[in-house]
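Colleague: If you scroll down you'll find the structure; I have some questions about it.
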Ligand code: ADE
């Protein structure tokens with residue numbers, strides 16, 4: 001999979017290249033590239049924003065640098081184009097799985113008060129939100145979306161079953177996990193987990209998931 005990220009702040013993406021995603025990049029499963037929108041401006045002062053027509057607070061990102069940046073990175077229009085915005089569909093595991101099937105993704109990160117609508121229309125961007133709150137820019141949102149979707153790309157997680165067992169995968173929150181030692185500061189690991197009885201362990205985990213979901217996220221229950 002190839003992911004292009006169009007941003008005015010490419011340095012913000014350093015954390016994305018760490019840990020499991022960094023390993024996936026090294027092994028060639030994913031290729032993530034940040035493109036600095038400012039490199040594509042035709043303005044002699046490298047300006048990328050201006051005041052909004054109609055008045056109002058803040059600045060709006062100019063269409064020209066964005067459209068030229070998109071055309072330079074994806075000249076043949078092969079990538080699914082996503083603009084990170086609180087106006088978009090809210091990211092969930094279904095959307096993440098769907099995006100994980102794509103060969104190419106292109107993320108646009110906005111700043112200031114927004115992006116000239118014509119840039120979004122010309123380039124055919126869909127909008128994606130990570131929740132009902134407003135960030136100072138789309139960069140953190142893009143990192144969240146990319147992290148979430150890459151977990152569904154085969155080979156990114158070490159263990160193939162990991163996304164099956166986790167929170168939300170069956171409309172339930174994940175059960176509690178324990179590792180060694182069996183007793184820590186006087187607290188014991190639930191006995192059933194030491195029993196080696198797989199059916200009982202599975203039942204206990206299911207019950208724990210149901211109890212947690214009912215207590216904390218009753219809205220998840222169908
Ligand atoms: N940009 C600013 N706020 C955002 C949000 N909640 N989701 C996606 N992009 C954003």
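We number each residue from 1, going along the chain as drawn.
A Cβ is built for glycine as well, from the same backbone N, Cα and C atoms used for every other residue.
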Colleague: Given that TrEMBL annotates 130, 131, 132, 133, 134, 135 as S-adenosyl-L-methionine-binding, name the residue from 110, 158, 171 that shares the site.
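Modeller: Answer, per TrEMBL (S-adenosyl-L-methionine site with 130, 131, 132, 133, 134, 135), from 110, 158, 171: 110.
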Colleague: Any same-chain residues 6+ apart from residue 131 (S-adenosyl-L-methionine binding site) with CB under 8 Å of its CB? Would you list them in sequence order, or say none?
Modeller: 86, 90, 91
Colleague: Please work out the number of neighbouring Cβ atoms within 10 Å of the Cβ of residue 110 (S-adenosyl-L-methionine binding site), leaving out its own Cβ.
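Modeller: Residue 110 (S-adenosyl-L-methionine binding site): 26 neighbouring Cβ atoms within 10 Å.
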Colleague: Cβ under 6 Å from ligand 1: which of the binding-site residues 130, 131, 132, 134, 135 qualify?
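Modeller: Cβ under 6 Å from ligand 1: 130, 131, 134, 135.
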Colleague: Note down the number of other Cβ atoms within 10 Å of the Cβ of residue 135 (S-adenosyl-L-methionine binding site), including every protein chain shown.
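Modeller: Around the Cβ of residue 135 (S-adenosyl-L-methionine binding site), 18 other Cβ atoms lie within 10 Å.
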